[in-house]
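Chemist: After the structure tokens below, expect a handful of questions from me.
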């Protein structure tokens, strides 16, 4: 009997243990972040359970309301939003919440306030629920740097000021990918234990990938650099093999694959959406934060994505993120275009 292997299997690094270990590196820490994260983790477990039984519990149908983005809300969207708002408020560690589903920011009542602001998309890719495609929750965390009354300005900060970001993907397995600014780590939910276990320590994206991920249905509306780049992916002139196209249409699934296998995810501006489609605070920033922490890059077509300073909580931006070398290529095409102009 292999006792060493058995011991290894029973010495599980749960997400709570992992975050506590990180916390111990900072003697001045009071554990507020650990408590906040435990509430986010609970929200993810709740939503994972709801997603898994959505068809059976009739949570799939439209709720008959339209959210701030003009998208009809599904019941599961509404439920997920309620779960995360309640989990974050009850943690006693937040002051401002921004959700994709709510038109205005939520300001926590004074007695329950803490030093963090959380921006999140409670259920990204929810149009894919009916067909069982992977969907997910995306979140980013800022620190409140004053004790005055919180305002929207507390979250309208560049992404480089985030202290943590992550996503939870509800697919063939439930996986939570997290960065607190010291690398990227992946935790998989063990359903028998009800715990997220560290399965992907220190994720590093390959420097170059052979996959590109974009909605080619919008190709006729793209600008020059995006058109040239995708053409180059499909018909390389330097003798290298063509890249493969992989596009799910659920940002969490597409970015997750890009993070693990390498390549590039593109959601460019086009004639229909001149400012891009993805929201800066709770889609572009968290995913860009994770990509950079894993050794990749994130670019808006004009600048480093994390250097953007949003002016509105639901502001949108184009985004190109993924392997370092692949993003370098599209940056070069935009630089070329700028020289011409």
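Any Cβ shown, glycine's included, is placed from N, Cα and C.
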Chemist: Of the candidates 231, 283, 292, which one does Swiss-Prot list alongside 121, 124 as binding Mg(2+) 3?
Modeler: 283
Chemist: With 121, 123 listed by Swiss-Prot as Mg(2+) 2-binding, which of these, 100, 101, 103, is given for the same site?
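Modeler: Swiss-Prot names 100 for this Mg(2+) 2 site.
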Chemist: Given that Swiss-Prot lists 124, 125, 126, 127, 215, 267, 277 as binding substrate, which residue among 170, 247, 324 does it place in the same site?
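Modeler: Of the residues offered, the record points to 247.
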Chemist: For residue 124 (Mg(2+) 3 binding site) and residue 100 (Mg(2+) 1 binding site), determine the Cα separation and express it in whole Å.
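Modeler: Residue 124 (Mg(2+) 3 binding site) and residue 100 (Mg(2+) 1 binding site) have their Cα atoms 9 Å apart.
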Chemist: Using DSSP reduced to three states, classify residue 267 (substrate binding site) as helix, strand or coil.
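Modeler: Once the DSSP labels are grouped into three classes, residue 267 (substrate binding site) ends up as strand.
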Chemist: Which is it, of 247, 267: the one of these binding-site residues whose Cβ has the most other Cβ atoms within 10 Å?
Modeler: 267
Chemist: When you measure from the Cβ of residue 215 (substrate binding site), which residues in the chain that are at least 6 apart have a Cβ under 8 Å away?
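Modeler: For residue 215 (substrate binding site), the qualifying residues are 247, 249, 267.
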Chemist: Through the lens of DSSP with three states only, how would you label residue 215 (substrate binding site)?
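Modeler: Residue 215 (substrate binding site) sits in coil per DSSP, no helix or strand.
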Chemist: Can you give me the Cα-Cα distance between residue 277 (substrate binding site) and residue 100 (Mg(2+) 1 binding site) in Å, rounded to a whole number?
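Modeler: Given the Cα positions, residue 277 (substrate binding site) is 13 Å from residue 100 (Mg(2+) 1 binding site).
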Chemist: Do any of 123, 125, 126 (binding-site residues) have a CA within 10 A of residue 100 (Mg(2+) 1 binding site), and if so which?
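Modeler: Close binding-site residues: 123.
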